[in-house]
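Feature annotations, reproduced from Swiss-Prot:
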DOMAIN    2-217  domain 'Glutamine amidotransferase type-2'
ACT_SITE  C2  active site, nucleophile
DOMAIN    283-422  domain 'SIS 1'
DOMAIN    452-590  domain 'SIS 2'
ACT_SITE  K595  active site, for Fru-6P isomerization activity
Amino acid sequence: MCGIVGFIGEQDAKEILLKGLEKLEYRGYDSAGIAVQAENGVVVYKEKGRIAKLREIVDENVAASVGIGHTRWATHGVPSKVNAHPHQSTSKRFTLVHNGVIENYELVKKEYLQDVTFVSETDTEVIVQLMEQQVSTGLSVEEAFRNTLSLLHGSYAIGLLDAENPNMIYVAKNKSPLLVGVGDNFNVVASDAMAMLQVTDQFIELMDKEIVIVTKESITIKNLQGETIERAPFTAELDASDIEKGTYPHFMLKEIDEQPLVIRNIIQKYQDENGEIELNQDIRNAILDSDRIYIIACGTSYHAGLVGKQFIEKFAKMPVEVHVASEFSYNMPLLTERPFFIYISQSGETADSRAVLVQTNEMGHKALTITNVPGSTLSREADYTLPLYAGPEIAVASTKAYTAQLAVLSILAADIAKAKGEVLDFDLTHELGLVANAMIELCDQKEEMDALAKQFLATTRNCFFIGRSVDFYVGLEGALKLKEISYIQAEGFAGGELKHGTIALIENGTPVIALATQEHVNLGIRGNVKEVVARGANPCIISMKGLEMEGDSFVLPTVHEALAPLVAVIPLQLISYYAALHRECDVDKPRNLAKSVTVE
């Protein structure tokens, strides 16, 4: 959700900034802009829409080796050129980009900036105007920056240019991700490392309420008290090819195809030298010392948590609750005496989940983060981390991170079960290997998936997914994928709930996708299909081999029933992908959505 880049050195800043913003497109945005320190002052370029439009207006003849850039996802003010970043103070001395939400911006305007004429509707403009007001009182730029930040309540990642000090960038963060990259006679700023892999793989993590002064030769980190902090850089373990589509038309299709490799990678990472599942002893002990597990997540990660609940309760016989993070923060349930929290987040930056983690940390409860970004905020602030090892996921709609979450949750459940003396009736590592094989088989059946999408979804306005037991949870994820990228109104329901209201929406031709992978509820879901067919529905039944019946639309290769969700979701991902193509939707960057949701 939004992205920041900055560059200071001797090279052409404009092109580096534009390329950096292109690498941040996956985070979601509705407008973009850059500002560069040119010979005659700061020059700002910004546009509503795609970065390609921004490129068209950037003057190639303007020489600049210092600049900042931004992709905006609207929170305050409509998507527009005026509301796009960078924003400038009235005198144009200060130019600023900002990710996050300033919660008290209206109070700041009223108390400090009554005489200022604002150009935009954004909370961000308040910061840059406040900066100018603070300098006007006689403070140095650094003192004014520190004072400005002390008056703000909320989240921010900030890059600031000062026209009177053109050889530096001022940077600060609080509750919003930001890195500083280290180069040879240059330095960079970025919301995440992928943006600046083009020039460096050395980055320094910034902590909340730190101020950084960046020049081409130095990086000076200070706290709000002005004390200097030393911190060594880390090497970003990313390959530039990981964030390229290669021969694929879309990142989403590439990431769907990468899932078998991801599962095998997870097996390898979580095996000991004897090929046995082995997790950190401290994680195991903390969970065993608890009396209930609480899984906190949003969106796709929440759906993974629902399946994870099944894994843990069935394998390890421990009670689990799953909560939507945004609801948990404001309506915390009664907790048991010894709760253990699991936070699931692809990015590790999800603001709603972090808000809960802050609360539970203050209460003294242990927490584990399951994330694709081990150095992320959630990872740093939780007690333990289990990485997904899925590699960068660029498409906004999550695919490989979801199945990676399921695989890691199954491994966690099996490890706890083993520690408790619970015996599984199958070898998890072997069965996960079979899951990877089944995924390969499914990914090779794209023509069949395309045909199903064309038959059931190409022209429909709505669609329902039904399932029982764990298939219900997979159906929720299938519905989310479809609505995210094809803009079809799609909903997932428990099969048994149809007659309690939803069946009123069924009419002639309504597509209903039914999942049948669980033997103990197979007859039940078949009965639900008959109910909707009797009302005119157009059923698409996806069943597991051995449970199939005449008329099923697609039969999945056999895997262990407990791990069926990892396989059953693949056709749903592919059907959603092809439905979006048939409807000429932007698959990788669907409207109004952001990959990393860093504001509450």
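Cβ from N, Cα, C; glycine included.
Predicted, not measured: the structure shown is a model, and the values here were computed from it.
Broken down by DSSP into helix, strand and coil, the domain 'SIS 2' (452-590) contains 70 helix, 28 strand, 41 coil.
The number of other Cβ atoms within 10 Å of the Cβ belonging to the residue listed as 'active site, nucleophile', over all protein chains shown, comes to 27. Over the domain 'Glutamine amidotransferase type-2' (2-217) the predicted model carries a mean pLDDT of 93.
Across the range of the domain 'SIS 1' (283-422), the DSSP-based residue counts are 66 helix, 28 strand, 46 coil. Annotation note: C2 (active site, nucleophile) sits in a coil segment as assigned by DSSP.
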